[in-house]
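*Asks:* After the structure tokens below, expect a handful of questions from me.
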Amino acid sequence: MIQLSWSSIILESGNVNDYEVVYPQKVPALLKGGVQNPQPETKYEDTMQYEFQVNGEPVVLHLERNKGLFSEDYTETHYAPDGREITTSPPVQDHCYYHGYFQNEADSSAVISACDGLKGHFKLQGEIYFIEPLKISDSEAHAIYKDENVEEEDETPKICGVTDTTWESDEPIKKTSLLTNTPEQDRYLQAEKYIEFYMVVDNIMYRHYKRNQLVIKRKVYEMINTMNMIYRRLNFHIALIGLEIWSNINEINVQSDVKATLDLFGEWREKKLLPRKRNDNAQLLTGIDFNGTPVGLAYIGSICNPKTSAAVVQDYSKSTRMVAITMAHEMGHNLGMNHDKGFCTCGFNKCVMSTRRTKPAYQFSSCSVREHQRYLLRDRPQCILNKPLSTDIVSPPICGNYFVEVGEECDCGSPADCQSACCNATTCKLQHEAQCDSEECCEKCKFKGAGAECRAAKDDCDLPELCTGQSAECPTDVFQRNGLPCQNNGYCYNGKCPIMTNQCIALRGPGVKVSRDSCFTLNQRTRGCGLCRMEYGRKIPCAAKDVKCGRLFCKKRNSMICNCSISPRDPSYGMVEPGTKCGDGMVCSNRQCVDVKTAY
């Protein structure tokens, strides 16, 4: 039932005090000749167009199904009353979640659920609008409104629980903006990346939605669709690889202590989830009310880590988009981003990595982008580079979704977004006489010659890759062998040259050095921050020969204090990295200092 009070209306997003009623009309979409074979009948179309008015002006909204929303091996898991785990692989490719743009509006975008009318948000002429159906029988009426017209649900501030920040001051991040990347680094940052995302809904939230799994699924799908639009600007695709609903009992002790819940969820992911379902990142969506004002918490710079590539988020708002933005925020921490400082801007009042959640934010600040890029270049997480093969995509190909699928030669996005001179955005075929589009071994629409460098060696431990002259793809990245001397003071390990000094700088900033040897003897004890490793929550000290393979100790200038860095949410934070030199001809392996000749 719709309740009207003057110009106020109660919608799913809350009480809206000013809105416009529109009647979207579906119009026939132009066929994209030569791209797709005739499609079988489906409930939802791959592409749609709607006409309606915004501020009294007619607009045409083009929608394309978000092909990358689900991975090809997507599964759903719930639990029977007797505790049995039930996992299915439902057909989800005929879904109703779309991205889009407005005709003749270059800087426009849309994130829409078309399951039952049009619901979502869109950007038009620099303004963000929201649209949702008015629940009036036999009517196509929809409400369009701005976020400023939605009344606050309550006055309690909603914040992220992350308090540790790697920024000791504003100065280091400002300085990084002056640095320039190498061509190889730029190519790496611009490459498409993929996160196979696993979502868990706890039993408290399940009961809050009256045990209605369909309602929960739709809510989660809308959230992932929104996250996809947010991360597209960073060249990331978020593919939902699994949804798990704890329909019987919680599989961990979900509690009001947000940190404790995150730690337990990370352990559950590592020990219980990953052995049965691969994923790059997982989040727990809970109906519990966390203590204080936090509505989410995540580990920082941990993507691909078995335990710490995780976050927990409270389902704190009626607004699906607000919770989705919090999920995107927490994933941002996993991807190396910290909270925005006062000088960070994104063109709107609020950015995704703002500490407080008051209004929706859909863009990352310049600070977040730099911090994220710095993390990627430093850690080079591997799981995000797994690109799905076109033959793995089981649903019909869609021209304009940035995925090159069966029957396509290129895909540069929609005609409004495409910036390629080599690709026809309407047909997803190469232009006449073009051999390639935007791959590493493609230049001006032609294959680069054999021997052309397509991926430079990053450092002593990397090898350059060369084009073959027969393909637009750069060969697989290869490295120097482990144990090869590098940078005059280290040994190569998995393509990196782990040097203690560099690790100290990464932890504590420029000008930091490795502490004196006597500091490392603290690793023979378990008091303070000294240790070699953790086993079942218990600190294990180092043997005397292994002290330089435990906690890393750093100092500023001529300080005599033994400084260490710890994070209660990440046991590996501040530890000496594997492969680090711990003596002449010796390297760290499994927290032991061993001969480099036998280590690998």
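Each Cβ is built from the backbone N, Cα and C atoms, and glycine gets one as well.
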*Asks:* Which residue of Glu196, Glu222, Glu453, Glu465 does Swiss-Prot report at the same Ca(2+) 1 site as Asp280, Cys383, Asn386?
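*Replies:* Looking at Glu196, Glu222, Glu453, Glu465, the one Swiss-Prot places in the Ca(2+) 1 site next to Asp280, Cys383, Asn386 is Glu196.
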*Asks:* Between Cys519, Cys542, work out which one Swiss-Prot annotates as bonded to Cys532 by a disulfide.
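*Replies:* Here Swiss-Prot pairs Cys532 in a disulfide with Cys542.
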*Asks:* Under Swiss-Prot's annotation, the disulfide partner of Cys399 is which of Cys367, Cys423, Cys428?
*Replies:* Cys428
*Asks:* Which of these links to Cys422 by a disulfide bond in Swiss-Prot: Cys441, Cys442, Cys445?
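*Replies:* Here Swiss-Prot pairs Cys422 in a disulfide with Cys445.
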*Asks:* Among Asn424, Asn563, can you tell me which residue Swiss-Prot lists with the annotation N-linked glycosylation site?
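*Replies:* Among Asn424, Asn563, the one Swiss-Prot marks as N-linked glycosylation site is Asn424.
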*Asks:* Drop a 10 Å sphere on every Cβ of the disulfide-bonded residues Cys418, Cys474, Cys582 and tell me which sphere holds the fewest other Cβ atoms.
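*Replies:* The disulfide-bonded residues Cys418, Cys474, Cys582 were compared, and Cys418 has the fewest Cβ atoms within 10 Å.
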*Asks:* Using an 8 Å cut-off from the Cβ centroid of His329, His333, His339, can you name the remaining same-chain residues around the Zn(2+) site, in sequence order?
*Replies:* Cys160, Val162, Ala298, Glu330, Gly332, Met337, Asn338, Val352, Met353, Thr355
*Asks:* Among all protein chains shown, how many Cβ atoms are found within 10 Å of the Cβ of Cys593 (disulfide bond), not counting that one?
*Replies:* 23
*Asks:* Across the domain 'Disintegrin' (396-482), what are the DSSP residue counts per state (helix, strand, coil)?
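*Replies:* Counting residues per DSSP class in the domain 'Disintegrin' (396-482), I get 0 helix, 15 strand, 72 coil.
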*Asks:* Cβ within 8 Å of the Ca(2+) 1 site's Cβ centroid: which residues qualify beyond Glu196, Asp280, Cys383, Asn386?
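*Replies:* Checked against the 8 Å cutoff, the neighbours are Tyr194, Ile195, Arg278, Asn279, Asn281, Cys304, Ile384.
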*Asks:* Would you list, in sequence order, the residues of this chain other than Asp462, Leu463, Glu465, Asp477, Val478 that have their CB within 8 A of the centroid of the site's CB atoms, where the site is the one recorded for Ca(2+) 3?
*Replies:* Arg455, Ala457, Pro464, Thr476, Phe479, Gly495
